Amino acid sequence: MTEMSRRHALTLFAAVGGAAGLGAPVRALSGDPIYEAFQANARNDPWTLGVRDAPASGFDGEARRLHGRLPRGLSGTLYRNGPGRYSRQDWRYRHWFDGDGFLQAWQLDGNRIAHRGRFIETSKWQAEEAAGRFLTPAFGSMPPDAGGLTGPDDMNVANTSVMMLNGELLALWEGGSAWSLDADTLQARGPRRWGSGLDGVHFSAHPKVEPETDIVWNFGQDAHGGRLVLWKIGPDGTLLDAGLVDEIGTGMIHDFIITERSLVFLVGNLHHERLRLPFLDGFAWRGDVPMTAIAIDKNDWSQRRSWDLPPGFLFHFGGGWEERDGTIRLDAALSPNADVILEDVRDIMRGVPWAGNSRMQLVTLGARGHFRIETPGDGLAEFPQVDPRYTGKRRQYTWHVDWTPDQARGATAIARRNVLTGAFDHYDHGPGVYVEEPLFIPASRRSAEGEGWIVHTALNAEARATELHVFDALNLSAGPQASWRLPYACPFGFHGCWRG
Ligand SMILES: [Fe+2]
């Protein structure tokens, strides 16, 4: 990274730190209506077990086998990350994304599954545990008497995803550093440092690994400045390059895809309009401008192509690839508006299940600037996953969480879509089993695309317990090959990774 780029990166860091002066302290009120609403809903609805505070000391337990056997070859650890602490001193966060990161490790060993859950001991977690109250602004909330920020990592909850990088476990957020953890003990080591001048620079939660080279690509967004920082990291964890690209636009970006030639972003219509705290309150829906697709050349970050698409919003892509003529094909869980992040995810904090409105859509970005968007099914979808060996390549399958528009209580099904033929395979656990991200694990290094297992966790509301289900990834409709149940319920998480 050049000295000039480093100075730009530091500006990015300072801009976020500078937002600290903007928030007026909110005084503690007697009786927090959101906390009380959650308590009332929690008495009647076991779905709320997925969004209550996890015990500060975490979980240690063993799952009980309900049926089936672990397939031969499926041994390793499923890590999952998500928010786990929402309230202190009877005051509750306003937004699901604010909760402190809670990491779970499901260790599949022979025919035994051991489970651990631990809070990620970020600087924020440690300071707030010592103080007994929330101390900093959060992404979507201003706790009573929240103090200022010296930099983004002061409010880093490390709660969004998790990845293995050369034996190191990284808990990922998107508004600051990745947080380094010991993969065996889950002990926090501190913010991941990539090089001088880069501390606290945004490192998003969906890095992509090139299958042949194991090079890791990622980005960080300065939404207010309409800029991205791009990260290129070697398989041994050393920084190969980092730098800024300008004039991206101010729409929120959570995920991206890589192809063999490009880094591709969809800049949705939830735009950062003003600097204020909580950070989310600075965003507003702009339906009067296009959603833009931007493809940046991997080898020359000053080279880009762009497309104007109908307004929309998304969190996640399945994946994508680039044809020889430069046409890009991708699939993403697209929404017509940003109600999920602006409304549904706030309702969750009162103990009201989310509805959601995203559908898997296939987007073709033509070599001559034209585009096509297709919607292959009627169902709603989130948390898409692909076979990681096909990241950036032409492929067949996307697995995702699946539900219907009339199902306003969270998803109970998982699905597989063949993006080339449209063929659909699906399994519904039925009412009260709320499914989480289905992760694909290849059967072996040499197995064909999709040959392996889908592993996902779910809250069984009636049993008041979290379960783990294993499927043949190419035959979901046959139902789980094996299912296991913990003696307790864990908080819902967002994303996970597999360490074989
Ligand atoms: Fe995500």
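Just so you know, the numbers here start at 1 and follow the chain as drawn.
Keep in mind that glycine also has a Cβ here, set from the backbone N, Cα and C atoms.
Those TrEMBL annotations? Automatic predictions, nothing curated.
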Given TrEMBL lists His206, His254, His495 for Fe cation, the same-site residue among His316, His456, His469: His316
For His254 (Fe cation binding site): DSSP state (helix, strand, coil): coil
Cβ packing number for His495 (Fe cation binding site), 10 Å threshold: 22
Any further residue of that chain within 8 Å (Cβ to the Cβ centroid of His206, His254, His316, His495) of the recorded Fe cation site: Thr160, Ser161, Ala205, Asp255, Phe315, Phe317, Phe494
Assigned element (helix, strand, coil) containing His206 (Fe cation binding site), judged by DSSP: coil
